[in-house]
Amino acid sequence: VDFNVPIKEGKVKNTTRIQGAIPTLKKILEQNPKNVTLMSHMGRPDGKRVEKDSLKIVVPKLEELLGTKVNFVNDCVGSEALEASNAGNGQINLLENLRFHIQEEGKGLDANGAKIKADKESVKKFRKELSSLGDIYVNDAFGTAHRAHSSMVGIDHKIRVAGYLMKKELDYFAKALETPQRPFLVILGGAKVADKIQLIKSMLDKVDEMIIGGGMAFTFLKKYIMFPIGKSLFDEEGYKIVDEIIAKAKEKNVKIHLPTDFVCGTGLDASSPVALHDLKSGIPDGWLGLDAGQLTQRENADAIGRAKTIVWNGPQGAFEIEQFKNGSVSMLNALVKQTQNGATTIVGGGDTVNLVGANKANDKLSH
């Protein structure tokens, strides 16, 4: 399941993802299973235990929505998890955050913040332990289904099925992507080009226009026009494939939109000073682009206003911080307006879904 929900002041802020899993869970419980064990991510603890990312906080809301008790297990592997998986009477177990183990993603950070990788043998052992916790694998975590994580690709069961939420999401996306109303616009954000290379390539075969914003835009700007990006996010791996993406966009006659002005700060926190920079000035050393400026916001709104089908994956900036949220919020407002004008608007990706929920716009978009 995908219980990677936004938390504020020790409480679940938005229950959409938990609610989404309930139909599948209720259907499973109707079959009188010996027990049900739930796995999920929470936050980005980078392969180590971080208490603020514990899934324990989800239990009260899950119990309320299911109308039954949920047993929280303090680790996703080990003796406690194995013991819980052998319980009877239809017991529901929620395992602790999979991402507390480096073997889930295959990489993480050590205590000093240095990048580390999990060795193959430990990943193999981790996957075997997860597999031992059940007989049938149900994937209802659409938001993480694209990731090659152990819980997604490493569960060794003969019976592996999609849950109701997964099916609903896939059916909706298939219809929208196979027979879209045109013009068709895709909006991409997030940090790394390399993480979304397959998505970018496949969308270039389908769309008429593409907005590239957020952190990944700086990799494009540095490569494409040698723009000075200061200490903005830069994806070295993605840098190598920018030319290929731009060439394919030209071949397919897809118009690419990149930001033209930026709200910048010296750090990713609320105490950071704020400065405005554009393509002429560049971003100075020591500063990083953290949001789209007003000109970019207007250009994005114009592109959204032309589109009849819009897919949005990735915010335009560090929207969690007050002074860097306007680019993402203005984009959301433009999508809400275009939905009212009859466009089909689809939002995906954890951060973007959280942004929509935080601005109480879940029911103002198509999906």
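Start at 1 and count along the chain as shown; that gives each residue its number.
Placed from the backbone N, Cα and C atoms, the Cβ positions cover glycine too.
Quick look at what Swiss-Prot annotates:
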type	residues	note
BINDING	VAL1, ASP2, PHE3, ASN4, ARG17, SER40, HIS41, GLY43, ARG44, LEU98, ARG99, HIS146, ARG147	(2R)-3-phosphoglycerate binding site
BINDING	GLY190, ASP195, GLY214, GLY314, PHE319	CDP binding site
BINDING	GLY190, GLY214, PHE319	ADP binding site
BINDING	ALA191, ALA194, ASP195, ASP351	Mg(2+) binding site
BINDING	ALA191, LYS192, LYS196, GLY215, GLY289, GLU320	AMP binding site
BINDING	ALA191, LYS196, GLY215, GLY289, GLU320, ASP351, THR352	ATP binding site
Exercise. Determine, using Cα-Cα distances only, which of these binding-site residues is closest to VAL1 ((2R)-3-phosphoglycerate binding site): GLY190, LYS192, THR352.
Key: THR352
Quiz item: For GLY215 (AMP binding site), what is the secondary structure by DSSP, using just helix, strand and coil?
Solution: coil
Quiz item: If you measure C-alpha to C-alpha, which of ARG17, LYS196, GLY215, GLY289, GLY314 (binding-site residues) come within 10 angstroms of ASP351 (Mg(2+) binding site)?
Solution: GLY314
Quiz item: Going by C-alpha distance, which of the binding-site residues HIS41, ARG44, ARG99, LYS192, LYS196 is nearest to GLY214 (CDP binding site)?
Solution: LYS192
Quiz prompt | Check: same-chain CB within 8 A of ADP site center, minus GLY190, GLY214, PHE319 | solution = GLY189, ALA191, GLY213, GLY215, GLY314, PRO315, GLN316, GLY317, ALA318, SER328, ASP351, THR352
Self-check item: Surrounding CB atoms that lie within 10 Å of the CB of PHE3 ((2R)-3-phosphoglycerate binding site), all protein chains
Solution: 24
Quiz prompt | Local Cβ density at LYS192 (AMP binding site) - other Cβ atoms counted within 10 Å | solution = 17
Quiz item: Where the distance is taken from Cα to Cα, which of the binding-site residues ARG17, ARG147, LYS192, ALA194 turns out closest to PHE319 (CDP binding site)?
Solution: LYS192
